[in-house]
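If you check Swiss-Prot, you get these features:
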type    : residues                   : note
BINDING : Ser10, Ser16, Ala17, Ser18 : FMN binding site
Amino acid sequence: MTRVLYIEGSPNKDYSASIEVCNAFLDTYRHAHPDHEIQKLDIWNLAIPEFDEAALAAKYAGLSGKALTPSQATAWQRIEQLAAPFHEADKFLFGVPLWNFSIPYKLKHLIDAISQKDVLFTFDGAGFAGKLAGKKAAVIYARGLGYQSPGSFTPAAEFDLQRPYMETWLRFVGVQDVTGIVVERTLFGANGTVDRSRAIDEARTIARTF
């Protein structure tokens with residue numbers, strides 16, 4: 001069965017633009033693909049382990065080919081369990097609000113924890129290979145200001161560390177088919193409402209054939 005993993009990146013459950021657009025995407029996707037499974041991963045209700053001394057020691061033991069100690073093995077098992085839903089899914093939907101020109105720290109924590117050699121990528125001395133190859137992703141990017149608007153005082157070329165980071169990371173772990181939908185000006189009343197409506201329509205269109 002085809003499985004979609006929805007990673008919800010906003011803690012604002014009542015008025016989140018990224019969640020609203022993601023929900024529209026998922027509603028349309030369910031209608032178009034009633035036999036597919038959708039799994040939700042709310043990072044704000046997810047126990048993400050600290051990448052602490054034991055985890056770091058396990059990482060370097062693995063890189064050097066040394067056997068793991070019991071504490072290192074336990075730490076590494078938690079990392080592998082956290083990454084398991086990404087291996088089990090065929091498609092990904094990310095809802096990503098922009099925080100301080102980048103992504104929420106909880107999402108960065110998750111990515112930092114699971115982006116490990118032999119977990120999400122391999123390295124043979126000649127180069128890297130992502131272990132999520134063949135999968136596809138749609139990413140909803142929500143922003144309070146108009147980064148793409150002409151004359152913006154936060155132009156995307158200088159201030160957008162959100163979309164480039166997500167796309168670089170996804171491709172690094174093997175996901176080459178990446179679609180982005182941007183909803184901006186969420187702090188601007190009527191203008192923000194118009195942009196939400198446009199993003200929702202775009203999400204529904206993409207979801208039908210995703």
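Cβ atoms here come from the backbone N, Cα and C positions, even for glycine.
Every protein chain shown contributes to the tally, and the Cβ of Ser16 (FMN binding site) ends up with 20 other Cβ atoms within 10 Å.
Its Cβ placed at the centre, Ala17 (FMN binding site) has 27 other Cβ atoms within 10 Å. Other than Ser10, Ser16, Ala17, Ser18, the residues of this chain whose Cβ falls within 8 Å of the Cβ centroid of the FMN site are, in sequence order, Gly9, Asn12, Tyr15, Ile19, Glu20, Val21, Cys22, Gly95, Pro97, Ile140, Ala142, Thr186.
DSSP gives Ser10 (FMN binding site) a coil state; it is part of no helix or strand. DSSP assigns Ser16 (FMN binding site) to coil in the three-state reduction, outside any helix or strand. Note: Ser10 (FMN binding site) has non-local neighbours Ser16, Ser18, Ile19, Gly95, Pro97, Pro104, Ala142, i.e. same-chain residues 6+ apart with C-beta under 8 A of its own C-beta.
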